[in-house]
């Protein structure tokens, strides 16, 4: 199809990415005016204080307070950027063809090691209480969107602590999975739990995954990293 995006990946299998629940060919999500504002604040702070570390909680709070006091004229340039990005997103989506398959509900072994959180989810776990505290009236979806904007405005250097932690958790998870599979192959797997307890754990996992999926989907819309 003319204008359709390239369906190949330079460093891996497209099927692998699809199985993870994300389409790597999907256009980058559009950024909000507030996200552009926070991104600009980060760039300004970096220029003025290139060696200074950033307290994310304090920085986020100051950005939020400053945004609330800005006039419509001051917000105008960020809203223009958001409109331009929205037009870009809609234009790219017109040529976007979703890959076949997509995310499917998989059977969960209640005894298997739980998958590790991503760097973004670790970031969300840290800042979700702060966002809720600053804006208690926000819905779950709005909180996820705000977290996505915060993550999107964070530079690569400041994301490293979360990415390193996620990498360590992933490494541990892979070792745990290998040990668990070896154990189950030899017939030494953990016995099945009582139905009521197993059902409760499945429900809890589903709730956690639902919240994580919502934040990850919002991150897809706000972040191209």
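Yeah, the Cβs are placed from backbone N, Cα and C, and that goes for glycine too.
As annotated by TrEMBL, region 'Disordered' applies to 1-26 (among others).
The DNA-binding region annotation in TrEMBL covers 27-97 (among others).
Taken from TrEMBL, the feature domain 'HMG box' applies to 27-97 (among others). Secondary structure of the domain 'HMG box' (27-97) per DSSP, as helix, strand and coil residue counts: 53 helix, 0 strand, 18 coil.
What TrEMBL lists as DNA-binding region is 113-181 (among others).
Residues annotated as domain 'HMG box' in TrEMBL: 113-181 (among others). A mean pLDDT of 88 is what the model gives for the domain 'HMG box' (113-181).
Marked as region 'Disordered' by TrEMBL: 182-225 (among others).
What TrEMBL lists as compositional bias 'Acidic residues' is 202-225.
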